[in-house]
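Peer 1: Below you'll find the structure I mean.
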């Protein structure tokens, strides 16, 4: 049982790390010496040093992506906190419903953010030389892991 709890916590922390990295790192779109994330656009020199950074556009769709990514991080942090609270206060045989719901919400938020970004980024970068960066891919990887973690929490029963 202890090994199962450790595995669940490791999965949850991995999801949290993926969500933090994908929200913060400037690698959602890369190409031609530019790196773009949800917050700023940066141009880099050939040696890899950042030369100029300026704020991303104020498009409504980009603000919704920013908001849903932040919500996914908040829901996942709350879920981990609630898991530890429920671990010590839940009665024997009880299920971790609240923890699971918050983790599933985190997964749905990151999926919504990545889907909106996928559909709408062509309005932002019309050049076809750009490609998706690793932070964008990490966001898509975080979605099924967060959803799986949430389902595991819902199924999980507390034992002695």
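Glycine too: its Cβ is placed from the backbone N, Cα and C atoms.
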Peer 1: With the ranges 45-64, 65-84 to choose from, which does TrEMBL describe as transmembrane segment?
Peer 2: 65-84
Peer 1: By Cβ distance under 8 Å, which residues at least 6 away from the ends of the transmembrane segment (137-156) in the same chain are close to it?
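Peer 2: Tertiary neighbours of the transmembrane segment (137-156) are 8, 11-12, 14-15, 18-19, 21-22, 69, 72, 76, 79, 83, 95-97, 99-108, 110-111, 113-114, 117.
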